[in-house]
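Novice: Relevant sequence annotations retrieved from TrEMBL are reproduced here:
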ACT_SITE  Lys10  active site
DOMAIN    66-144  domain 'GHMP kinase N-terminal'
BINDING   Pro94, Val95, Ala96, Ala97, Gly98, Leu99, Ala100, Gly101, Gly102, Ser103, Thr104  ATP binding site
ACT_SITE  Asp136  active site
DOMAIN    198-274  domain 'GHMP kinase C-terminal'
Amino acid sequence: MEITLLAPAKINLTLEIKGRRPDGYHEVAMVMQSLELADTITCRLRSDGKIFLEGNHPEVAWNETNLAWRAAWLLQEVSGVKLGAEILVEKRIPVAAGLAGGSTDAAGVLRALNQLWNLNWSREKLAELGARLGSDVPFCLYGGTALATGRGEQIQPLPALPQHSLLLLKPPYGVSTAEIYGLYARMGRSQQGQTERMLAAVRTGNWQEVARHLANDLEQITLALAPDLKELKEAACRAGCPGVLMSGSGPTLFALINDEAQDQELAQRWQEAGQVIRTKTGLPLPLPGEEQM
Ligand SMILES: C[C@](O)(CO)[C@H](O)COP(=O)(O)OP(=O)(O)OC[C@H]1O[C@@H](n2ccc(N)nc2=O)[C@H](O)[C@@H]1O
Ligand SMILES: Nc1ncnc2c1ncn2[C@@H]1O[C@H](COP(=O)(O)OP(=O)(O)OP(=O)(O)O)[C@@H](O)[C@H]1O
C-alpha cells in the first residue's frame, strides 16, 4: 500500500517581528500563503517498522538528519505504531530559499503517514507534533492562506484568496534562517502593524490590496547581504511591478504578476540572476483522512 501527495512551498505575505522570546526565538505575526510549486512525497508501507528515505536533490542529505525522516521517526515514536515506511521525495522547491522546502516535506510525511498508518490524528494534533520539527511545519499542514503567530507555529486559517500568478527568483546561493534572525536581533527594525493591514487586505479578497501591503522585517537584513538582489527588487518596482517581496528569511524574491507582458519582461531580467520559476498561489490542503491514496 502507498500514498503520494504534493507538499507545497510557501511565501510570506508579511513577516512582522514582535520581539524576542525567553526561548531565544522571535515572537512573530505572519500572513502565509502556499504555492502550487510543490515537492512530491510518496510513502510505501513497511510492516517491519523500518524507515527509509530517498530523494532526488544532490545538495540535500537524505539520511536521519533530513526533516522528512525526522518527521516519520517522531510520528512513529509518539504514536507507538509498529509500522514503518519507505519515503521518496521528488524535490522541485529550491533548497535554503525561504520557501519552507524542508518544513513542507516534513508536513507531507506527517500527512501521508497519518493516513497510511491509520492513525486518524486531527490536523491540530499533527500541527502540535510538527512544531517540534520546525516553526514553519504547522502552516505546511494547512496550506492556503493563514495567520501564523507565536514563533510561527500557531495557525489560524484565513479565507482562501483567489489563485494568482507569481514569478519567483532564486539566486544561486542560499541563506541560513538562524543567521538572518541572529542579524535581525542585533540590527533589525520592525514595520509594526503590517500584519493587521494585510489581514484587512486579505479580507477584501483583492490582490491589488494585498500587493500594497506586502512587508517582511527580515528582507532588509538579507538584502543588505545581497546588494545584487536589492537592485533587482528596486528595478522591478521602478518598472511598475505592484508587488515584489522577499519570502521568509530569503533569498527568494517573488513578484505578483498581472499580465503576460509584465511576466515576459521580468522573467527575462531575472533569468540572468538565478533560477526563475513561474507558479501560482495555492488552495488549502485536504483535511486528514481525505488525502488521495
Ligand atoms: C523565516 C520563516 O521561514 C518565515 O516563515 C520562519 O520564521 C522560520 O521557520 P523555520 O525555518 O521552520 O525555523 P526553525 O527551524 O523553527 O528555526 C530556525 C532558526 O531560526 C530562528 N527563529 C525561527 C523562528 C522564529 N520565530 N524565531 C527565530 O529566531 C532560530 O534561531 C531558529 O534556531
Ligand atoms: N527535506 C528537505 N528538503 C530540503 N532541505 C532539507 C530537507 N531536510 C533538511 N534540509 C536542510 O534544511 C536546510 C534548509 O533548507 P530548506 O529548503 O528547508 O530552507 P528554507 O526554505 O529556507 O526553510 P524556511 O523557509 O522554513 O526557513 C538545508 O540546509 C537543507 O539541507
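In case you wondered, yes, glycine gets a Cβ from its N, Cα and C as well.
Give me the local environment of each listed feature.
Specialist: Taking the Cβ of Lys10 (active site) as centre and 10 Å as the limit, one finds 29 other Cβ atoms among all the protein chains shown.
Applying DSSP to the domain 'GHMP kinase N-terminal' (66-144) sorts its residues as follows: 43 helix, 8 strand, 28 coil.
Annotation for Gly102 (ATP binding site): same-chain Cβ neighbours under 8 Å, separated by at least 6 residues, are Asn66, Leu67, Ala68, Val95, Gly134.
On its own chain, Asp136 (active site) has Lys10, Ala100, Ser103, Thr104, Gly152, Gly248 as residues at least 6 apart in sequence with a Cβ closer than 8 Å to its own Cβ.
Applying DSSP to the domain 'GHMP kinase C-terminal' (198-274) sorts its residues as follows: 44 helix, 9 strand, 24 coil.
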Novice: Given the ATP site residues Pro94, Val95, Ala96, Ala97, Gly98, Leu99, Ala100, Gly101, Gly102, Ser103, Thr104, which other residues of that chain have a Cβ within 8 Å of the mean position of their Cβ atoms, reported in sequence order?
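Specialist: Those within range, site residues removed, are Ala9, Ile93.
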Novice: Got a sec? Which of Lys10, Pro94, Gly102, Thr104, Asp136, the recorded positions, have CB under 6 Å of any ligand 2 atom?
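Specialist: Near the molecule: Gly102, Asp136.
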Novice: Enumerate in sequence order the recorded positions Ala96, Thr104, Asp136 whose Cβ-atom distance to ligand 1 is under 6 angstroms.
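Specialist: Correct list: Asp136.
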Novice: With a 10 Å radius around each C-beta, find which of these binding-site residues (Ala96, Ala100) has the fewest other C-beta atoms nearby.
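Specialist: Counting other Cβ atoms within 10 Å of each of the binding-site residues Ala96, Ala100, the minimum falls on Ala96.
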